[in-house]
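Reading through the structure tokens given below for one structure.
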Amino acid sequence: MDLSSTTKVVNNVIDLKAGVARIKAEFVLTGNDKSPTPNTVPCQKEEDSNNLEVDMTDETTSDQEPPNKKQCYLSRKEKRRGQNKSRPPPFKLSRESRLCPVLQDVPEDEPWPECKNEKCTFIHNIPEYISSKLPDIGPVCYLYSVNGHCPRGQTCRFGSRHLTKEGKNCSNKSCNRTDASTINFLTKELQADLRKRRYDFSKSENIITSLDKMKQKKDEVRSAARKVDGQGNETKLEEKQYSNVKMEVDDHIPDQKSTNENNEVEDKICGPVVLPDLALKREKKELNWQNKLYLAPLTTVGNLPFRRICKELGADITCGEMAMASSLLQATQQEWALVKRHESEKLFGVQLCGNNPYVMTRCTQLLEEQMSINFIDVNLGCPIELVYQQGGGSGLLRREKVLESVVRSMSNVTNLPLTIKTRTGVYTDKNIAHTLVPKFRDWGASLITVHGRSREQRYTRNADWNYIETCAKLASPTPVFGNGDILSYEDYERVSIDYPSIKGVMIGRGALIKPWLFTEIKEKRHWDISSSERLDILRKYVNYGLEHWGSDTKGVENTRRFLLEWLSFLYRYIPVGLLEEPPQKINQRPPGYRGRDDLETLMASANCTDWIKIRTPHLVCLHIVGRLVLVFSIVQVDGLSSSFAERAEILKIKIS
């Protein structure tokens, strides 16, 4: 929908529909203006649309026999819907075009090593690789300038200053940094132990074995508590007979109270398996959660470079992206990348998602023993359909017995604080979080975060902070954080005053739209950030991305991909100086408007083609600095040179 059609200026007063932010009249684009910030994005390429129309025409006018049901199903399945359906597959380099890792980072004063892998399919001919290598993107390598050494060596796309003519890697000893800024790597030894199932999970096995035994004993007690005669009539055992069956179970379940009344015993033996509270016998590490600003774990966009940006801007607590416990136990490289931690993250946790206590308990033990983390978070809010149908994420909210076993076993196996992030429930009209938060407290949770929406709501409607306050009161003294719709320091102040039982806030989408929100909250002000300051944040993100994902071709493409993911949130920000009634609300969308300068206008565009296209000669240099520097860290470009045109063609960037 083009929101510019929802604005009407009469006597310098703007008439807006609900959900549309109020922009000062001089910046609003009326219906007669051609908006430089269109709010619609083409769902597919023009040629794809033409092909689709031709295919439909051919299908209706053809004299051939109608296709069978399977063909009809496949044609329906291939129908394009939504955005980004015409984008190419993820970037991938063939092994035959890549340099052997053994030859990648060779110091200039050492001889060339030999690859001992006879089946290696990478390139080993140095002159051949140098001749086939893509041209450098920029003259300055961020990793070399900061650390004095670039581990990507010959494959670096900014390597002109730290590579010799022979392709060997130089080091600057004056700024050479020896300590690693990123930790929590999956080592080859640990990967082999996990894949060959040699890792010692005896600590978890003891708890899991205890769980299985008690589950079996409970089943025996349930069957022994009632006796069915030949006619199907149910009769209870006599007290003496029942006590003999029950005695062994009490030895394994210390929380059970002995009783001679069968009715009371019936109540105790029903419900989930109760593990011995081993966590109470040893001290848990305590963390101060009071009034901390918590950056939410954000799938895809909550990567390490983004967390570094938020940490510099004032975030107190950071958490890695949601990691699947089963994939971590299988030593999947992509999943273990989500556990990495930067040295600036002083209070850092890992969020786990799983659907059974066996996987979650082992993974908790593994992370505590092998990684440097401060807490472990249990995901009970993921609304993704695949995760939900498998019983993980918000699907655990429907399986209270399994949920109790998960939380108790995880709490028992670790000394680290265990936190829980949950939604209000699964269904919009049936909140259940208020019944669970007191149980979370009793099961061993150190912190509970409640997102004020159900799974069905996803991110529609406003977060229910009144309900979060109710949950916070029921969970006392365990601290409860609230999550939902915080986009300004006024929103934060309102929560702090109106809902005193809530001990802090978790910020998710608000941080994606304006990561300087943490600074605003701590300084209690609206920051009318300029477009150049926003550009500096993005340039810093790109440098952090090149440091994290690498400065080779694959690393550049990863940085570009995640930057574009983030830009899909950043464009929603409306500058404070343009608003008639600040602050902006998270569910408000702007009408068509122009910024105070060209870069601000470009950053506000909802059309992804505006991030790549150059519309006027006046914006040539600005666009190169504002977009290509962001993606490829080019420091200075004086215009459209032939070398730039070649790079643009290689990187599949259209110039018009």
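For all residues, glycine too, the Cβ spot is worked out from N, Cα and C.
Range annotated as zinc finger by TrEMBL, chosen from 104-134, 135-165, 414-444: 135-165. In the predicted model, the zinc finger (135-165) shows an average pLDDT of 90. Sorting the domain 'C3H1-type' (135-165) by DSSP state (H, G, I as helix; E, B as strand; all else coil) yields 12 helix, 1 strand, 18 coil.
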